[in-house]
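In what follows, a single structure is set out as structure tokens and then discussed.
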Amino acid sequence: MESSNSLSEGGPAMMAQEYCCASADEGAESGPHVPFVLERREKEEENWRTAVSHQLKKQCTCSSERAKAQVLGFVPILKWLPRYQLKDWILGDVMSGLIVGILLVPQSIAYSLLAGQDPIYGLYTSFFSSIIYTLLGTSRHISVGIFGVLCLLVGQVVDRELALAGYITESIRNNATLGLGMGNSTGGPVCDRSCYAIMVGTTVTFTAGVYQVLMGLLQVGFVSVYLSDSLLSGFATGASLTILTSQVKYLLGLELPRAQGWGSLVKTWVSLFQNLGQTNLCDLVTSMVCLAVLVPTKELNDRFKAKLKAPIPFELFVVIAATLASHFGHFEQEYGSKVAGAIPTGFLPPQLPSWSLIPNVAVDAFSIAIVGFAITVSLSEMFAKKHGYVVDPNQEMYAIGFCNILPSFFRCFTTSAALTKTLVKESTGCQTQMSGLVTALVLLLVLLVISPLFYSLQRCVLAVIILVNLRGALLKFTDVPRMWRVNRLDTAIWLVTMATSALINTELGLLVGVMVSAFCVLGRTQRAQALELGRAGHRELYQDLASYNGLQSQPGVAIFRYEAPIYYANQSLFKKALYRCLGLDPVKEKARRRKLEKHRRKQEEVAMMTGGEGGTKGKEKELTTKVFLPNQVNFHSVVIDCSPVLFLDTAGVNALKEVYKDYKENGVQVFLAQCNTSVLESLNRGGYYPEKGMGEKERVFFTISDAVLYAQSLSSQNGDCDTSC
């Protein structure tokens, strides 16, 4: 078998070829241990111009097959619809579509209030988003439509812009002509508060959709991986507290403007307590009755969902009963109860967003776009994994982007996937995206025929529906102790994100959560474990000496592992951890030796001046033997296990070079083992390997055993190992 005791010239080896089986005893007799050697595969570096030209040619080449693949990839329904199994799938899709459509009717009306819009616009939003996602989406199970957190974010922007335009409360109507698509300063239709609110909402939605489509074009679907489950859960829970607070005024029948700015939750509760005396008793009683009905019936649905073929639509029953009671009881006229009002049938003509409002809402739209995409992708991937198929994150970005862009021309507001309706859709037998079309047909029936019948529906009933649907997010608080036991860091991220979203600002909560998550990742590299390893019996298995019993230290060799990348932010921490773990700081040792040498010379000078050379020889000998390193530590070589080191930057390579140099000056050899190819390339480019002709020994090994055996055989050959070795 051919073998070599060094790496090939020019850097680390890359591809496995041979293994040399010399033992430690053979190495001691015939020379240094021959390590495991890989032969480097030469790679031709492509000129950047050639690489760019190749990529442009690849992307710009047009053929019928490529055009077909692009069309099928962008409109997935063209791919799966021809393979639709009508007999096997149609029943499940129709059943799930009907149930989700029925549930969406009251929820669409309710969440419209949360977004600061009239009820009809919520129905429009659910209708258009169901159709568009069916055409463009890749997930078979998620339900795309109104989502509470996004409605809250949109509503906050709408209320802010309404206040800036002079609409202070919901009861104020400004008849001035605003020139925002519905009219202009020289004449035209009047744009009242409702008109201006939907103008702001559609502009936010359009801008968010443009962001999402641009992110899809730039292939940045991977950004969803940076939004952890704990971050999204904490953000949703914090936003749920804000939603709950915003709906209490409807439960009590109070007319209060939505608090703006930081600390809106606290401001809202203060305002609620200050106005408790103005509570509308009719709304309060209706709210209590609806809560008493919906909370236990929701629990029954959840408890018996395995036995029920479909969840019972208690929300719809409550809406019908409450509407009839309000209509025949004349709650609006007799008790001043706030009702949904006129809900027109049919569709309004399309209109453009307000271009002048885009600069005002651009920042808000970006955070809304990120939240909507992250929730949609996380849910689609979760259900795809559960049912054994694959979704495309970038195509999901396109789908949700166009679910916002196109409906914005028809007075719709921002949408995303929603967990509750997705679970209902899955549990009722959904097989493909076809169920979305069935849902759209149910909503179309409501829009064309039934919607005016909801005129007398009290707003407090809609608020109750919203609160009941927040149960899942609010129950997360009961999971905090379990989360803390499982992972304290993730729980801390959850708590910080939740508290910031609820108590300070909803959008800021998401940003703070991302920053805290990033700092936690950075902190893990700053506080990486530094371990001294031992060998398990005669196996080539090396683990932490402090964690396992029965491990054996290798005579004369200290084995060290640093469980983090080594880069500019932690390179000094790496060196400190190495020195502390091995009990030898070569810099301090070198300084101590200089100090002892200086002290020895001073004693010699004094002895020569006093003529007492003979009396100082014993002390001189004692001083010089103290700096002989092998008598102070039990190792002559250090092996650094680099298997956990994912990458090195320039500072990391320099840190390893300094460690090698400083230890060598103290008589200790340093070897690296189990480096991945990225680390090997960084070492090669950073000049870690000695120049040709310098006569240096091997520095990098592919296994810890090779490094240990080589170090022991080399020390035995040079006679550097003391009797304890």
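Numbering starts at 1 and runs along the chain as displayed.
Each residue, glycine too, has its Cβ placed from N, Cα and C.
Any TrEMBL annotation is an automated prediction that lacks curation.
Annotated domain 'STAS' per TrEMBL: 547-711, in sequence order.
The transmembrane segment annotation in TrEMBL covers 89-114 (among others). The list of residues near the transmembrane segment (89-114) in space but at least 6 beyond its ends in sequence, with Cβ under 8 angstroms from a Cβ of it, reads 120-123, 125-126, 143, 145-146, 148, 151-152, 155, 243, 246-247, 250, 309-311, 313, 315-316, 318-319, 340, 343, 421, 424-426, 428-432, 434-443, 446, 454, 457, 459, 462-463, 465-466, 469.
Sequence annotations record features per position, and here TrEMBL assigns transmembrane segment to 141-158 (among others). Beyond the ends of the transmembrane segment (141-158), by six or more residues, the same chain brings 100, 104, 107-108, 111-112, 114-117, 122, 125-126, 129-130, 133, 197, 200-201, 204-205, 235-236, 239-240, 242-243, 246, 258, 260, 264, 361, 364, 367-368, 371-372, 375-376, 379-380, 383-384, 387, 399-400, 403, 413-418, 421-422, 424-426, 430, 436, 439, 466, 469-470, 506-507 to within a C-beta distance below 8 angstroms of the stretch.
The transmembrane segment annotation in TrEMBL covers 196-218 (among others).
Sequence annotations record features per position, and here TrEMBL assigns transmembrane segment to 230-252 (among others). Proximity of distant same-chain residues to the transmembrane segment (230-252), defined by a Cβ-Cβ separation under 8 Å and at least 6 residues beyond the stretch ends, is recorded for 113-114, 148-149, 152-153, 155, 258, 264-265, 268-269, 272, 276, 279-280, 283-284, 287, 338, 371, 374-375, 378, 459-460, 462-464, 466-467, 470, 473-474, 476-477, 483, 490-491, 493-503, 506, 509-510, 513-514, 517.
Within its own chain, the transmembrane segment (308-328) is flanked in space by residues 95, 99, 102-103, 105-107, 109, 286, 290, 293-294, 297-298, 300-301, 337, 339, 424, 427-428, 453-458, 461, 464-465, 468, which lie at least six positions past its ends and keep a Cβ under 8 Å from the stretch. Residues or ranges marked as transmembrane segment by TrEMBL: 308-328 (among others).
Positions annotated as transmembrane segment by TrEMBL: 357-379 (among others).
What TrEMBL lists as transmembrane segment is 435-455 (among others).
Here TrEMBL flags 492-519 (among others) as transmembrane segment.
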Using a threshold of three or more Cβ pairs below 8 Å, and leaving out pairs closer than 6 in sequence, do the transmembrane segment (196-218) and the transmembrane segment (492-519) count as in contact?
no
Beyond the flanks of the transmembrane segment (357-379) by 6 or more, those residues with Cβ under 8 Å of it:
139, 142, 144, 147, 149-150, 153-154, 156-157, 161, 180, 199-200, 203-204, 207-209, 211-212, 215, 221, 223-224, 227, 229, 232, 235, 391, 393, 396-397, 399-401, 404, 414-417, 419, 422, 507, 510-511
Report, as numbers and ranges, every residue of the chain located at least six residues beyond the transmembrane segment (196-218) whose Cβ falls under 8 Å of a Cβ in that stretch; write 'none' if there are none.
115-118, 121, 154, 157-158, 161-162, 165, 167, 178, 180-182, 351, 353-354, 357-358, 361-362, 364-366, 368-369, 372-373, 394-395, 397-398, 400-409, 411-414
Take every residue in the domain 'STAS' (547-711), average their pLDDT values, and give the whole-number result.
78
